[in-house]
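Trainee: According to TrEMBL, the record shows the following:
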DOMAIN    6-117  domain 'Ig-like'
DOMAIN    132-226  domain 'Ig-like'
SIGNAL    1-21  signal peptide
TRANSMEM  232-257  transmembrane segment
Amino acid sequence: MALRRPALLLLLPLFGYRLLAVELTSSNTKPVVQEFQSVELSCIIKSTVTPDPRIEWKKIRDGETSYVFFDNKMQGDFATRAEILSRTSLVIKNTTRMDTATYRCEVAAPSDTKTIDEINIQLTVQVKPVTPRCTVPKAVPVGKTASLHCHENEGYPKSTYSWYRNSEPLSPDTKSNAKLQNSSYSLNPTTGTLVFHAVHKGDTGRYSCIATNDAGFAKCEEQEMEVYDLNIGGIIGGVLVVLAVLVLITLGICCAYRRGYFANSKDSGESYKTPAKPDCVNYIRTDDEVTIDLHLTSLCFGEEEGGQSTTRVGFFFRAYRLSKSKHH
């Protein structure tokens, strides 16, 4: 009675026969290349009895799968910059950051016992940093906080950052450098932020930043930061001058109002002094006029509690008003 094929295959190893199955291997399953260079994705058929196995390459990125090599032809943008080498390996030319992905080599061998095998290759394309954007304050008063920023988004892997003052590196540990022991700052190499908690005159200088990753580095231009002393006396003097000017302006407006320069004008819109009142005519002042008159007197000449005038001018002015009211 003839044995079925599966049973025969199980007995073959007992008689010294090797099972025939397609098997793949690779010389490098995690290649790393810099942008714009070429790279070989190694896929080697270790064993097969199929004379012409079917080869396919697929790209897996962000959960999406697309063909790279299918039906003996390159697909998509790989048609102009990729080729098959040594029957199964894939060579990609002029790599870009978008080529960073998992590539799957699949081989189908119909004549083998195990007809299909596959192997994954993880490709990493490194990208050099671009010139980082640096932000440095131009002037900071002594004792204040100053924040300096450095960042770039193009490099892969992500960049780390280092700061320089007058072309000398600033260490994250100020105690390691005798020149920096008087400085009070914190430096974050990951974010590129340099913070001075209380600047002093010695922090004045030209600052620059370098972004670095495995593919290279880039540097921003130097920028000047000046630390200056606050002139407290000058500030107080300036404030006093401004206050004095405001007082003089206020007094001038009050006196001009009292002399009638702000009286209602004619239809032509011109301003003129209030004409003298004719004799033998009694004018009755409204309550609003009396109130405004009292406020202006107090503002221009000042009064103490109890109504006592603070100046000799105020005394004569009050006497003049009293005689004026008796006359009318």
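Just so you know, glycine gets a Cβ as well, placed from its N, Cα and C.
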Trainee: Sort the residues of the domain 'Ig-like' (6-117) into helix, strand and coil with DSSP and give the three counts.
Mentor: 18 helix, 50 strand, 44 coil
Trainee: Under DSSP, the domain 'Ig-like' (132-226) has how many residues in helix, strand and coil?
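Mentor: Across the domain 'Ig-like' (132-226), DSSP assigns the residues as follows: 9 helix, 46 strand, 40 coil.
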